[in-house]
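If you check TrEMBL, you get these features:
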type	residues	note
TRANSMEM	B:49-65	transmembrane segment
TRANSMEM	B:77-101	transmembrane segment
TRANSMEM	B:108-125	transmembrane segment
TRANSMEM	B:131-152	transmembrane segment
TRANSMEM	B:159-178	transmembrane segment
TRANSMEM	B:201-223	transmembrane segment
TRANSMEM	B:244-262	transmembrane segment
TRANSMEM	B:268-286	transmembrane segment
TRANSMEM	B:315-335	transmembrane segment
TRANSMEM	B:341-360	transmembrane segment
TRANSMEM	B:372-392	transmembrane segment
TRANSMEM	B:398-416	transmembrane segment
Ligand SMILES: Nc1ncnc2c1ncn2[C@@H]1O[C@H](COP(=O)(O)OP(=O)(O)OP(=O)(O)O)[C@@H](O)[C@H]1O
Ligand SMILES: [Mg+2]
């Protein structure tokens, strides 16, 4: 793992009116590392993702990219750096077809006009690797099922040449086979030495692919665990804030003892 | 699986599919004509009416007027319809762009009136070169549209309020420009000469209309075949040759019939030629350029467009600038009809006609759905009604009521088809 993280958050805070969504959050992602971000509903995971993606800028704190502080104020800024994001709410245009959505904002051109043929061909290939059946890549997104849309949103993040891919609950709507494909994909991204931030409520998924688990609780860091050598119970305790009761302490001690 | 050779491959060329990509439940079109028909029926049920309601309406309107007055379908009257629809049509083209964003521009008629006054005062009062005056007039329209766009996109004032304010303000500016005289006579030269009532393509030569028809048909056929070839070699679905032929023949029938009818009188008015050329260019811009794609994206989902890195405010300003520019061009067309700039320019039901044309043609008021050809189809309907009522010597009061009813009908069709499309997952 490289010494300088490709993406680092230093003391990031974000406020929405009366809600302090993030307080002094720290996070590091290295090239070739899969960081899982977990936490209860409303813990601030999506907010964190959106600050990195430039949907809403941070109030306080610094985002560092390859060691240098950067300002990410608009989605373009994040894309320019090489951050690709799959949002929890997918953010697709219902009226555009699958190809249109996949290439939105980075259309392929041929003699200055849209190269629909190449875009369509690549879209089909890309969707095939994700094992999704889509009636046609030329139908509007509105006619797809929830899971099909989610796969389109994931595929979207892979077009272009990102260095960091952020996946906000990418498997929430997916079936068994498609979930497996997405987890495989995450591993492929790691092999290609991309940084991945994966948000999920499914501990099995998290422990299957992640290297590090960061827990967010009520908008604050509540522990970072290497996946190897950490039990699900420890992570869940950090998520629920039960870290300080007797049972979890015993569990933690036992875990240390067995190592 | 960590062999370094795969590292720099693009991500979209990795492992083979685990399931067959084709969904067995997918309704695949049967080959040939029968498939064409079943697909057509399915689309109708799903609320994808396309241009069908307009064409139906056009047939009904033409039948009724022809029964009332046998001169209606005469060549001279058809030339009339084609000539007079170009001016308002230009306003409708600009409105299509705005409607695709899901917004409205209520100022187009008043900007068109202002444009004729600006042009007249530049070229007549100030003696500017006629072509230079045209350029400055169009730039004025673009600037006005950009101002509307700025207040809407940057300040956040709803578009209909901004353009309503513009509607009043620009009418006022026009009246101020024409203060004292009340009207200015425009010289019959430069672009305005081309836009005149007696200006025909290739100087009224019989060949003119057929040249245009052949150009259109050939462009469609060659374009479709090239596209088919590229798609076939790329291994993506392509239009079967039979379908391409059906489309080409359909266009050929319409185009050559129109050419024949117009030729029986004086031929194709130059104003119509410019209008059609504009439509071709705008269609290209909307469907084949990144700008067009961005317009559709913003019309579909503002947030998704923003997150895709699209500068939503910039697109909005550009679209309103386009609308302002077309309003100015339309104003020049309308001025060319009488060679005057008057206080009446851009007043009356012009705004309603332009909006009605865009919506009747099939561009949705709700944003994200439509095309510029709706300006042509819609204008055919609108201008047929106008000309028909004129032939029958109907009072303006009746014309207003009918225009209102037609606009309402178009909006009802739009809303209903949106609902059916929603329930069948198409919107
Ligand atoms: N745009 C917004 N305006 C106001 N408050 C917001 C906004 N977005 C998020 N919040 C608040 O910030 C907090 C964190 O929300 P966030 O969406 O980040 O949670 P999450 O961890 O992603 O939860 P989940 O697991 O349910 O997706 C919540 O209390 C939420 O109400
Ligand atoms: Mg969330």
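Yeah, the Cβs are placed from backbone N, Cα and C, and that goes for glycine too.
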Stretch of maximal Cβ-Cβ contact with the transmembrane segment (B:77-101) [cut-off: under 8 Å; candidates B:49-65, B:244-262, B:315-335, B:341-360, B:398-416]: B:315-335
Per the Cβ under 8 Å criterion, with at least 6 residues separating them from its ends, the transmembrane segment (B:372-392) contacts 51, 54-55, 57-58, 61-62, 64-65, 68-69, 71-72, 77, 80-81, 84-85, 88-89, 92-93, 95-96, 275-276, 279, 282-283, 286, 353, 356-363, 398-399, 402-403, 406, 410
Outside the transmembrane segment (B:315-335), at least 6 residues beyond either end, the same-chain residues with a Cβ under 8 Å of its Cβ set are 86-91, 93-95, 97-98, 100-101, 103, 105, 107-109, 111-116, 118-120, 134, 137-138, 140-146, 148-150, 152-154, 159, 186, 191-192, 195, 271, 291, 294-295, 298, 305, 341, 345-346, 350, 354
Residues sitting near the transmembrane segment (B:131-152): Cβ under 8 Å, six or more positions beyond its termini, same chain? 94, 103, 105, 107, 111, 114-115, 118-119, 122-123, 158-159, 162-163, 166, 170, 190-192, 316-329, 331-332
Counting only residues 6+ away from its ends, which parts of the chain sit with a Cβ under 8 Å from the transmembrane segment (B:49-65)? 43, 72-73, 360-362, 373-374, 377-378, 380-381, 384-385, 388, 391-392, 413, 417
When you scan the chain for residues with a C-beta under 8 Å from the transmembrane segment (B:201-223), skipping those not six or more beyond its ends, what do you find? 244, 247-248, 251-252, 255-256, 258-260, 262-263, 266-270, 273, 276
State, in range form, which of B:108-125, B:159-178, B:244-262 has the highest count of Cβ pairs under 8 Å to the transmembrane segment (B:341-360). B:108-125
Spatial neighbours of the transmembrane segment (B:398-416) far in sequence, C-beta under 8 Å, 6+ residues away: 47, 49, 53, 349, 352-353, 355-356, 359-360, 364-366, 378, 381-382, 385-386, 389
